[in-house]
Amino acid sequence: MRHVQAELSPSSEPEAGPSQPPVTQGTLQGGLLMGYSPAGGATSPGVYQVSIFSPSAGVSEPPRALKRPAPSTEGPRELKRGPGLGAREGLPPEEPSTVGLVSPEGLGLGLGVASQHFSHHGLRVVEQGGSATSSWTSGTQSTPWPSSNASCNTLHTRDWAFPDQGGQGCLGESPGPAPSGQLHTLDTDLHNLAQIGGKSPVARVGNGSNPWPRESHGTANGHSPEHTPPGPGPPGPCPTKRRLLPAGEALDVSSEDEGPAPRRRRGTLGCPLAANSSDAKATPFWSHLLPGPKEPVLDPTDRSPMGRRLKGARRLKLSSLRTLRKGPGLLSPPSASPFPTPAVSRTLLGNFEESLLRGRFAPSGHIEGFTAEIGASGSYCPQHVTLPVTVTFFDVSEQNAPAPFLGVVDLNPLGRKGYSVPKVGTIQVTLFNPNQTVVKMFLVTFDFSDMPAAHMTFLRHRLFLVPVGEEGNVSPTHRLLCYLLHLRFRSSRSGRLSLHGDIRLLFSRRSLELDTGLPYELQAVTEAPHNPRYSPLP
């Protein structure tokens, strides 16, 4: 902390120095002691305190000029002066850093002393107190300061005791009294101490006219006017220095004191910085004009692996949304399970029988060697054919129950027309195992005499085990499926009927043996579609 103190001294002998010119009595009506303590070093904050002491109204002492030595905390050090300060003020380099004038109107440390304090915080001057009986005037009269240095380099005090007696009083030499509300100007270097941390010196104000000459408009410190920064504006509030902050940092405008810059919060997303920018300070002012990240535009002709992955991900997302729209009832409520439940695939809808016939279960293995003999009777008897059967077994049993086999007989080797049958008759399909033993013989009667040309339909023949005596009113839960035969029929444009596509069969691996002690018998059920019963060919 720097301390600038102005006080009224008692009647004592002045300390004459070799570089201080004599001051006659009555010349100075008040004094100002300017100085700072170097104990803080260059890293101490730029805070100043100006103390003005005045005695009670009845004390009258002849004015004397005193010179105060520097504090004894450090040895004398050489001050850095600006160009021309030493020659203009007449100070040798070995003088101490604290030089001032003391007004001898009594030492203001006794009883009845009124004081005023001024704290210079950065560039703001705050008056902390005042007294209606305090009186302090400046020294000699000089020319007024240039208007370019009056905005930030002045301290404004008010003399409450003496009225204006003509003329302007400045810190210099003038034989006249000071006016009321006089403007006391401090050295420019004194304010530089608050900005650069005590690197600028405090120069003594000596006798002579206008110790700070007016700077010319042409040059400043040897630089051309176009490279010289503009001076301060008219008197008024001192402008506060503000540094440029990136867009992600928030500027604290509630305090004018200089302090550490606010930290950037983690996770704050600011404007994207340009990688090729060489001016880091100018980046926040134009980087917000850059376009933000956009979703990649999918090119329908893009055949690269990345393009295919993007298209696949987009199709999967659209299909998931479509499934959610069509089947909201298939999803479990969110509160039913702590984990998200995926939507049930529509390919698994239906009963166990439909899932087996359509091949919606993953097969556990295949068995080769099964064959099937196909024959028909009716208005005519076509030739019997024997075709191989592709048998697949599954492992879907959860209670050690026998899982059925699925046999598929492909009719494509018989030609495009398939296996020709009469419109009314009986179809016989005999299944043989690899040992050429009969597994099951299916007999299905049909009547498609009303089937129009170029249409198709199917028949599904089932064999159930049901308790004896309950053939008519047996519930579906009390019957067991043993065998199933699925036949597909199609009529040509000429009206001829034939089997086409394939024939699918369901059968058990071993004979069903019930240990319930109740008699069971086989029950055959043949079903056909209705409403509509026939469908036109695609």
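In case you wondered, yes, glycine gets a Cβ from its N, Cα and C as well.
Under the heading compositional bias 'Low complexity', Swiss-Prot lists 130-148.
According to Swiss-Prot, the feature compositional bias 'Pro residues' maps to 227-238.
Residues or ranges marked as phosphoserine by Swiss-Prot: SER254 (among others).
What Swiss-Prot lists as phosphoserine is SER255 (among others), and the listing cites similarity to another entry.
Here Swiss-Prot flags 1-103 (among others) as region 'Disordered'.
The feature region 'Disordered' is assigned by Swiss-Prot to 130-149 (among others).
Under the heading region 'Disordered', Swiss-Prot lists 163-185 (among others).
Annotation source Swiss-Prot lists region 'Disordered' at 199-272 (among others).
Broken down with DSSP, the region 'Required for macropage invasion' (348-430) shows 10 helix, 35 strand, 38 coil. Sequence annotations record features per position, and here Swiss-Prot assigns region 'Required for macropage invasion' to 348-430 based on similarity to another entry.
According to Swiss-Prot, the region 'Transactivation domain 1 (TAD1)' annotation covers 436-444, on the basis of similarity to another entry. Taken residue by residue, the region 'Transactivation domain 1 (TAD1)' (436-444) breaks down under DSSP into 0 helix, 7 strand, 2 coil.
Predicted-model confidence for the region 'Transactivation domain 1 (TAD1)' (436-444) is 94, expressed as mean pLDDT.
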